[in-house]
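*Asks:* Sharing a structure below in structure tokens format, with a few things to ask.
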Amino acid sequence: AATAPRIPPTRLALHHFDVSYSLQLKDLWPSVRAGLLCEQKYGALLNSFSAADHVAQELELLNATDFVSEAPKKAQRSQWGAAAEEAGRGESMSGEGRTVMQAETMTQAEMSLPVRASISSNIKCYTFPRGDITRFRPARPDALGLLDYYLMDAASLLPVLALNVQPDDCVLDLCAAPGGKTLALLQTGLCGHLAANDISISRTKRLYQILHSYVPREIRETVSVTSCDGRDWGQLEGGTFHKVLVDVPCTTDRHSVMEQDNNIFHRRRTKERQMLPMLQLQLLMAGILATKPGGEVVYSTCSLSPLQNEYVIERALEVAETQYNISIHVEDLSHFRTLFQDTFSFFSDCRLGELVLPHLTANFGPMYFCKLRRM
């Protein structure tokens, strides 16, 4: 008897997304779909531990900019413009001197809080402008053998920026491999101690490789790398961390439509895929339990799926309250949309958290992130 033709997992993934995401994203889906199926855009996370001082200059000559430090400046300029325009309307009555003053005080008051709250200025990540598809050269070692930058989806930095690490914070990266976000956390220069965990021993090896390629030994010694099941972390070290990053396994939408290897839409992985929201919830709960009261958790995925994003958050709030008597506050990250609108394309209809959508002119993401505070 003829066997049924094998449908490649990439096609299964795309069919699955066509059905579910067209309902969620409606008119936006065709453009997001095109972005997912085209070459991904990268950012170059500068390695502050490398002695390659010329790198920033070299990237700027290529017309790349550090999107992290540029964002508040751009936001400030646009608010200056808005404030000046507003003040200009009242100019005939108030005289010119007061106009500039009004603009200035408004800018200070409106801009300073969210910007200060969300930007870790030690992180530098260069991206090419919208519509510019220039590729970065491969990273090069400095005199001591440390690589000068790390190429990653620039949207992956947003959860790290949202975590807003403060000096001497005790930080946990619960699902740390392959290591881009762990490296970014170290680039803040603020972690008092960083615990980097991943259940997969093979993926943890990749994490070690990244630490060795980018981080000097004295800094590596402040990082403890473990290979535990993240779901058990709450029992292992409950209530000990100021900040926890929970970057969970997900349907990795871009990978799923592009790569046959290690694809979660492979028929033999159907059960595993269906169980993802449960695993994500368990990991998020472990992250919440690992946090000190007053501490913060950022949950993130590289999926567009509300079942893996908002629904997991909502369920975690419920479970924390009913089973652990823990009250959780969802932090407002809407200022990220204003700050980074020139670099990323954001979905405006997220019920909770923020979602970066792939777009042909800014082909980063998908990246969902949501910040929680344990009360």
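Glycine residues also receive a Cβ, built from the backbone N, Cα and C atoms like all the rest.
Whatever TrEMBL says is automated annotation, not expert-curated.
Checked TrEMBL, it gives:
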- C302: active site, nucleophile (ACT_SITE)
- C175, A176, A177, P178, G179, G180, K181, D198, D229, D247: S-adenosyl-L-methionine binding site (BINDING)
- 81-97: compositional bias 'Low complexity' (COMPBIAS)
- 68-375: domain 'SAM-dependent MTase RsmB/NOP-type' (DOMAIN)
- 78-97: region 'Disordered' (REGION)
*Asks:* Express the predicted model's confidence over the domain 'SAM-dependent MTase RsmB/NOP-type' (68-375) as a mean pLDDT, rounded to an integer.
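*Replies:* That region's mean pLDDT is 89.
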*Asks:* Of these recorded positions, C175, A177, G179, D229, C302, which scores lowest on Cβ atoms within 10 Å?
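*Replies:* Each of the recorded positions C175, A177, G179, D229, C302 was scored; lowest Cβ tally within 10 Å is D229.
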*Asks:* When you look at C175, A176, A177, P178, G179, G180, K181, D198, D229, D247, which the record names as binding S-adenosyl-L-methionine, what is the longest CA to CA distance in angstrom?
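*Replies:* The widest Cα-Cα gap among those binding residues is 20 Å.
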*Asks:* Measuring Cα to Cα, how many Å separate C175 (S-adenosyl-L-methionine binding site) from C302 (active site, nucleophile)?
*Replies:* 13
*Asks:* If I take the alpha carbons of A177 (S-adenosyl-L-methionine binding site) and C302 (active site, nucleophile), what is the distance between them in whole Å?
*Replies:* 14
